[in-house]
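Per TrEMBL, the features are as follows:
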{"type": "BINDING", "residues": "G634, P635, N636, M637, A638, G639, K640, S641", "note": "ATP binding site"}
{"type": "DOMAIN", "residues": "708-724", "note": "domain 'DNA mismatch repair proteins mutS family'"}
Amino acid sequence: MARSKDTIVAGTVQNRSESAELTPMMIQYLSIKDQHKDEILFYRLGDFYEMFNNDAIEVSRLLNLTLTHRGSAPMCGIPFHAVKIYIARLLRCGKRIAICEQIGEPNGKTLTERKVIEVITPGTALESEYLEGGSNNFLACVVAQKGKVGFAYIDVTTSDFFATSWYEKDMEENFAKELDRCHPRELLLPQNLEKNEIIQASLEQNERIAVSYYPDWNFDSALSYKRLCTQFKTANLQSFSLNESSPEVAPAGFLLDYLQKTTTSNSPHVTGIKIYRDSQFVIMDDSSRRNLEIVQNLRDGTSQFSLLECLSHTQTAMGKRMMRNWLLYPLTNVEEIQNRQSHVELFVNNRNLLEYVREIFADILDVERLAGRVAMERAHAKDLQALRLSLESWLKVREQLDDFGFTQTDKTIAQNISKLIFDSILEDPATALDEGRIIKGGWSSELDEYRRIHDNVNKILEDYAEEEKASSGIANLRIRSNSLSGYYIEITRGKASQVPPHFILRRALTNADRYTTPRLQEIEKQINEASLKIIETEKALFLEVRSKIAEQTNYLLQSAKEIAYADVTAALANAAILHGWVKPLVDNSKEFTVRSGRHPVVELHLPGGEFVPNDIEISAENDSYQPYFGLITGPNMAGKSTYLRQNALIALLAQIGSFVPAREAHIGVVDRIFCRVGASDNLARGESTFLVEMTETAYILRTATEKSFVIMDEVGRGTSTEDGLSIAWAVSEYLLNALKCKTLFATHYHELTRLNHPRLQLLCMEVSEENDKVTFLRKIKVGASENSYGIHVASLAGLPQSVIRRANEILQSLHSTSQDGTGTGVNVENVVTVQTAETEKTLQKSVTMPGLFSDEELVLDEILSCDPDDMTPRQALDLIARWKKSLSGR
Ligand code: ADP
Ligand code: MG
């Protein structure tokens, strides 16, 4: 993790001042740096920001800058006018930056005073140069108190503020998952978590998060509760489902404190927090999300070849962020899903409307962040114009959408804001506040008057020049000005004798003399006053307009969410049309039927029509005879992994409200999606891969419910064949008998096909074999694969023919030895005997394993993993009844 280290060489400032080589400037530097140990100090020195010592070494490495020296101190510098680019890059590396400016003008004699005027951190940066348009910029905080953990995160640029909580014992599952979901740029923690192994392990996987620790007393629930009430202007936090002892309160309050300190604003636009519970969303751990390549691919972490890529049809930054969030938080509530679907469908059925809306959306800027800038008093006049143009575009779209339930806000407010900006602000105003050129003529009569004086300068001066010309008779008399001496009258040497007595000589040049007059001085004073007044008045008027708009911050943020919603549904419609997707039937059943389903990403990258669609029909309904467990065998490269993932992705797409890549689909909502991939695919993570595989499998077995969807791809591959097979077998039994959830299990252990259970279906990938030519048809069919075609794949890969021949011989002999060992199907419904036959060692003996999951064990397991604190009395009674029933057979 990017943790800033103490970058000052040990020793106090006093000690250093005694050292002979330290200049007064270095002493000043070190004393300021002492106050900013956790930041990289940008120390302003003329036209540069300089860094010294360890800061210089680190920054020169990160930004590839030349490292020089000042005295004995390592130093590197950045030109002040390009500073934002460098800051942006350091923020991306998870660094915090303190900007130290010169206060007062350097006089060359004494040391210029310097002060840190701003601290910029990855999670609190406000300038658009430091932000990514398409994703949120979250600052997060995690606090563990009294056995519970609160996790809160906020994007101050958009005011998105969320929190959730879990029991401390569930830290392992939840911390990584939440971190992965919100991808914070910066994380704040109490010091007591510095030694928490689970947290530290997660943070090591997320090196780019800026992490900092604060003394534990900062995380006080009671104070935080008051802090939140003040922020939200409410007497209590009931409407956010929080009370004083809610675990979410301490981290949420601390985030606000921290923001106040770093941004020096109380973020008035942050007026609420969303507390979410996992049950609202499909639960997915981070490794499932990664394996399914939802928002980023496994290879290089970009969104290329991810599901997000297929859906990247949003037009606005707000829409892009919302699309990402939808993918990370699929819904479980059928009504909400159907509501989204209906809006997507509306666009699909009305392409003219879709095109119109998307075209206009292309002109809408980031209203959400603009509103944040207005509220935090950062917006300049160009921002207001951007806001106006965006609102006007949005109003145009609203004319078409307001009848269809996309909007709830009052559009007259948007009209008023847009009119206010149009009437008051110039079309192309200055961005600085102290240069004028902001306010339109006609907005203020006072300003118009100052401008009139100012604009008439030429006329007044010309009139005066004419006057003096006439009275003096000097025809080439001119009034000129320059920035150094202001206005003056210039008269050539030849006319020196005609100069009237009221002319005061200011400067004699070779060919001409420069004069002033009392009248000219007076005109000059008026002009200067008018310019000053114009700037002052424009600034005051601008601030007035801005604060009027700031009163509507909530409205603007709500509108931004409406824009994002319309943009995302339009994008989903666009994707559906482009890729030929259909609206799935989503309900509360436990069905999962897909006809002609496709993998959205694989299909996208294959030439049109080459992807082979496949069906699936499983159901976890209690009274159904349909299978809920599909066991898929087939050679490598046959398309197993693709088939598995495509079905998980279809479930996920359905539950974000999207159409799905299929001819027809019926999806009963799932509460969790798990996607496990056998160890060798996870090598990049460098852990003991088999241990990871088993930890992840254990997690599924502990947390899956009847409504979950489990994808297991070659689980058990990371160990020896016998171990792997036995584990795969036992895990399958547990899924079939104890969890009863929808499962697709791909394996190369053919022995597993002898599992026998009424709700298990054997599936395999069709392969055609003609004249020794093997073709993978990529079509799923019922039954077990007969041949693993491993030798065929080896030959495709170019192994020498002699090796291939020898391999075939060995295979033949293995097959013949195994004849007697091969039993018939093993019925595993509540039976736990395993017979393995085809592996060399077990050829001779049939191994009978002890009962792996007896009813007692299942009950015991459940007792150990259930949480009485989290249960209603009714649920507890139901549980006991169920346990009794399952043990009563004994
Ligand atoms: P397996 O897991 O059986 O080894 P994969 O799912 O990794 O096989 O697929 C192997 C290759 O086949 C992939 O590169 C993929 O592009 C292609 N493929 C898989 N399924 C299909 C399909 N249904 N239609 C067309 N190509 C497919
Ligand atoms: Mg595979």
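From the backbone N, Cα and C atoms, a Cβ is placed for every residue, glycine too.
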What's the number of neighbouring CB atoms sitting within 10 A of the CB on G639 (ATP binding site)? 24
If we count other C-beta atoms within 10 Å, could you say which of the binding-site residues N636, S641 has the fewest? N636
Neighbouring CB atoms within 10 angstroms of the CB of K640 (ATP binding site), all protein chains considered, total 26
From the binding-site residues listed here (N636, A638, K640, S641), select those whose CB sits under 6 A from an atom of ligand 2. K640, S641
With respect to ligand 1, which members of the binding-site residues P635, G639, K640 satisfy a Cβ distance under 6 angstroms to one of its atoms? G639, K640
With the cut-off set at 10 Å between Cβ atoms, which of these binding-site residues ends up with the most neighbours? Options: G634, P635. G634
Using the Cβ centroid of G634, P635, N636, M637, A638, G639, K640, S641 as the reference point for the ATP site, which residues of the same chain not in that list have Cβ within 8 Å? A746, M765, F776
For a quick check of packing: other C-beta atoms within 10 Å of the C-beta of A638 (ATP binding site), how many? 25
Identify, in sequence order, the residues in the chain of M637 (ATP binding site) that are 6 or more apart from it along the sequence and have a CB within less than 8 Å of its CB; answer 'none' if there are none. F776, V793
Tell me, roughly as an integer, the mean pLDDT over the domain 'DNA mismatch repair proteins mutS family' (708-724). 81
